Amino acid sequence: MANQRPIYGFHAVNARLWQNPKSIVELYIQEGKSDARTREVLEKAANENIRVYFADADRLNAISKGARHQGVVGFIDASKNHVHLEDVLENLSEPPLLLILDGITDPHNLGACLRTADAMGVHAVIAPKDKSAGLNATVSKVACGAAETVPYITVTNLARTLRELKEYGIWIIGTDMSGESDLYHCNLPDSAAWVMGNEGDGMRRLTREHCDMLVSIPMFGTVESMNVSVSAGMVLSETRRQRVLKNEKV
């Protein structure tokens, strides 16, 4: 089926089993595996009436195209993965924290950003449909399960989505080396959507024009930039830190 895509490894498969088991079409388990993690997968799959097939290592290697699968591969129905941004925003119990990826095309970077987003409690990751990496097996593997837990929402018109976020009272904060304030000397808003630009070119002009703030990340060494997932982790962590301090003062 065109909507099916593989996921592999215990992190990705277990996260999908617990978060969205109805989207799993079938699982393949390596013959002879009987360790605790494999038994857990088999038990959960049986409870959810998911088809399980046992296959040799060569078959699993072929399915995963040589990637490290740990003896477990699944196929999911990607059409059951869709999440609406409005539903996310209207069902939050705290101010929204979003991550916007403007043209991140490397699946390894997307996977790392999703993993970072999960760790920092990001409510959704948003990206334009064009010129962005899509969810695939590589992304799921790198994300270590976060691709199954963090809503990844692609939009046809990013500028329009940014305007809609502002209507919810969410500040759009861009990361830029020439930002008017640096990360450690700015008072960050409670409701925030951080924008990370393309690995090579940064944010697109129209995206930049929709930002309410431009913030730079201080650099103390000789390199001029960091991996996008590292930068995302820094700004999201600082946002969480400031929230904690504000709550302690209440």
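Numbering starts at 1 and runs along the chain as it is shown here.
Note: Cβ is positioned from N, Cα and C throughout, glycine not excepted.
Source: prediction; values computed, not measured.
Feature annotations, reproduced from Swiss-Prot:
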BINDING   Gly197, Ile217, Met226  S-adenosyl-L-methionine binding site
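Counting Cβ atoms from all protein chains shown, Met226 (S-adenosyl-L-methionine binding site) has 14 others lying within 10 Å of its own Cβ.
Neighbours of the S-adenosyl-L-methionine site: apart from Gly197, Ile217, Met226, residues of the same chain with C-beta atoms within 8 angstroms of the site's C-beta centroid are Thr175, Met177, Met196, Ser225, Val228, Val230, Ser231, Met234. The full span of the recorded S-adenosyl-L-methionine binding residues, Gly197, Ile217, Met226, taken as their largest Cα to Cα distance, is 13 Å.
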